[in-house]
């Protein structure tokens, strides 16, 4: 019981914690007040409980694939929010404090959504022990251990990012957000294939010999970039397109912001 | 996220998905059933036709929730106590595909055999 609950909680916490630590590091880089983060956590936790309690009804919707559709919608929502968040990071980095309200709001919703998605699974898993005659202690100890390890990895990740020189921190954060965004879309396509809303295909390759999805490396890569050992050609195309969209958007923003800054610097020099 | 916006996204996805679906996708799929009882899968081995998409219905007869999960099949779905879940799998090439119940992995183990 103990080990099972360590693994389950660790997996879920890790998936959310990595995105959380990237956005927190970003918030630090831009000297944003942390209020948005606490609101996001509270909203995500409340959402987890509500989602968990309604899951039976959600699952039955849309001919029994409501769970897949809602989860896919949540993943796509996070992707769209990241498309707003990452370019605004670049804007704030180059030309000072702008659109900070929109940025905070987008980060709040993104983190709340990520917490809701993973937190609801934790809630459902733990709520099962209401029926259990066994003492809670093993399960709870395991859950605390799992959460502890997961958040520690997130904290480590956060301090790695925050400890970098500003310029490199910006680059690394943008690359991580781009890959994480691609991973969100990839997971959404996976769910839509499972729901039979997207066509299933024979996998394009099988890299599980190199990195098995169930392994520790596989789980980390899944949490970070949405690693998939056996993607279909459709998924590879969608992943590439999502990553390319984000990368292009970031490069355009950077080009534009640098130009604004140069013009401003020149006019100030005169 | 509000319910209204959620439905909007779902509807948008529906349109996008329908545009992409081949016409055959709407045809009936072979249906297979598995039960979860006492944190065990019955049957624990299920033979399905290879290279065919099938509809798997998993009945959870336990009062506790379970998560049907398989890395090999790329499937993951929570099934609340007393509920049934529909999971589409395949088309699979010939071989064995293990699956397990994530909430009770010590006992809830099984495999799909595609042939």
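Even glycines carry a Cβ here, placed using N, Cα and C.
Annotation comment: TrEMBL describes A:6-24, A:36-57, A:69-91, A:98-116, A:136-162, A:169-193, A:234-252 as transmembrane segment.
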Which of A:6-24, A:136-162, A:234-252 contacts the transmembrane segment (A:98-116) most, counting Cβ pairs under 8 Å: A:6-24
Folded-back contacts onto the transmembrane segment (A:169-193), same chain, C-beta under 8 angstroms, at least six residues removed: 18-19, 22, 25-26, 29, 68-69, 71-73, 75-76, 78-79, 82-83, 85-86, 89-90, 93, 161-162, 199-200, 222, 224-228, 231-232, 234-235, 238-240, 242-243, 246-247, 250
Cβ contacts under 8 Å made by the transmembrane segment (A:136-162) with residues that lie 6+ beyond its boundaries: 1-14, 17-18, 20-22, 24-25, 28-29, 122, 126, 129, 169, 172-173
